[in-house]
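Annotated features in TrEMBL:
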- Asp10, Ser11, His12, His36, Ser37, Asp58, Ile59, Gly60: 4-CDP-2-C-methyl-D-erythritol 2-phosphate binding site (BINDING)
- Asp10, His12, His44: divalent metal cation binding site (BINDING)
- 3-153: domain '2-C-methyl-D-erythritol 2,4-cyclodiphosphate synthase' (DOMAIN)
- His36: site 'Transition state stabilizer' (SITE)
- Thr135: site 'Transition state stabilizer' (SITE)
Amino acid sequence: MSMRIGFGFDSHSFKAGVPLVIGGLEIDHTEGLAGHSDGDVLLHAITDALLGAVSAGDIGTFFPPSDPRWKGAASSLFLRTALEEIHSAGYKIVNVDTVLVMMRPKIVPIANELRERVAELLEIKPGEVGIKAKTPEGLNQDGVAVAYATVLLESLASGEGSSKMAATADIEDVNEVVESLVVGVRDTSALGRKVPAFDTDDLT
Ligand SMILES: C[C@@](CO)(OP(=O)(O)O)[C@H](O)COP(=O)(O)OP(=O)(O)OC[C@H]1O[C@@H](n2ccc(N)nc2=O)[C@H](O)[C@@H]1O
């Protein structure tokens, strides 16, 4: 059995007038997180951890912040894509662990709800998701939310991946594959996965 680990990080500034979305949950709070998408710092970190675990690039190479298609997008879409990448590479999740660093809101009262929602999005059990939080003491970053995530993957049992992929394939998946082939292959990761186009204009 082959195993892989992945690590992800993200940060977003708090901003008045937008909903706070963390781990796919809308949380009652005075401010939300600024971002091109819904600003879901936790799902972004987990997405990067998954992509990193199979050497498939990062969230920005798949969904550039400069691309208007992702304006206001639900981050569950990014997570779904990363999940498909790991399945295509022949892996499944063993467990995910995370740390949120933010002054407010307090995470402990909603940690179980977050765990259940993240597990649902990742198609794993709540007991396979860790949600922890830290106050950013001495970091002078009160207006910022930070998330770190690690994932452990193990290889799928023989046949598990293909049936999973067949079950979830739809016309949009097919269109994406065709589009990526037409646009051309720019890079090939260590696992042979195709990494999407990287435009240096996307650097911010
Ligand atoms: C989720 C999205 C949806 O558009 O936007 P936000 O909601 O966070 O704004 C993006 O995918 C969020 O992409 P994210 O990867 O966090 O953005 P950035 O940190 O700006 O990085 C954009 C791209 O530049 C690359 N990059 C960044 C910094 C750097 N010094 N060198 C780099 O090569 C990153 O690897 C990434 O591929």
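Glycine is no exception: its Cβ is also placed from the backbone N, Cα and C atoms.
On a predicted model such as this, the values are computed, not experimentally measured, just so you know.
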Rounded to the nearest Å - Cα separation of His12 (4-CDP-2-C-methyl-D-erythritol 2-phosphate binding site) and Thr135 (site 'Transition state stabilizer'): 15
Ile59 (4-CDP-2-C-methyl-D-erythritol 2-phosphate binding site): tally of other CB atoms within 10 A of its CB: 26
Asp10 (4-CDP-2-C-methyl-D-erythritol 2-phosphate binding site) to His44 (divalent metal cation binding site) - Cα separation in whole Å: 6
Residues within 8 Å of the Asp10, Ser11, His12, His36, Ser37, Asp58, Ile59, Gly60 Cβ centre (excluding the 4-CDP-2-C-methyl-D-erythritol 2-phosphate site residues themselves): Gly35, Val41, His44, Asp48, Pro65
Structural state of His44 (divalent metal cation binding site), classified by DSSP into three states: helix
Sparsest-packed of the listed binding-site residues (His12, His36, His44) - C-beta count within 10 angstroms: His36
Ser11 (4-CDP-2-C-methyl-D-erythritol 2-phosphate binding site): tally of other CB atoms within 10 A of its CB: 16
Residues near Thr135 (site 'Transition state stabilizer') in space but at least six apart in sequence (CB under 8 A): Val101, Met102, Met103
Proximal but sequence-remote residues of the same chain as Asp58 (4-CDP-2-C-methyl-D-erythritol 2-phosphate binding site) (Cβ under 8 Å, at least 6 apart): Asp48, Leu51, Gly52
Whole-number Å value for how far His44 (divalent metal cation binding site) lies from Gly60 (4-CDP-2-C-methyl-D-erythritol 2-phosphate binding site) (Cα to Cα): 10
Integer Å distance between the CA atoms belonging to His44 (divalent metal cation binding site) and Ser37 (4-CDP-2-C-methyl-D-erythritol 2-phosphate binding site): 10
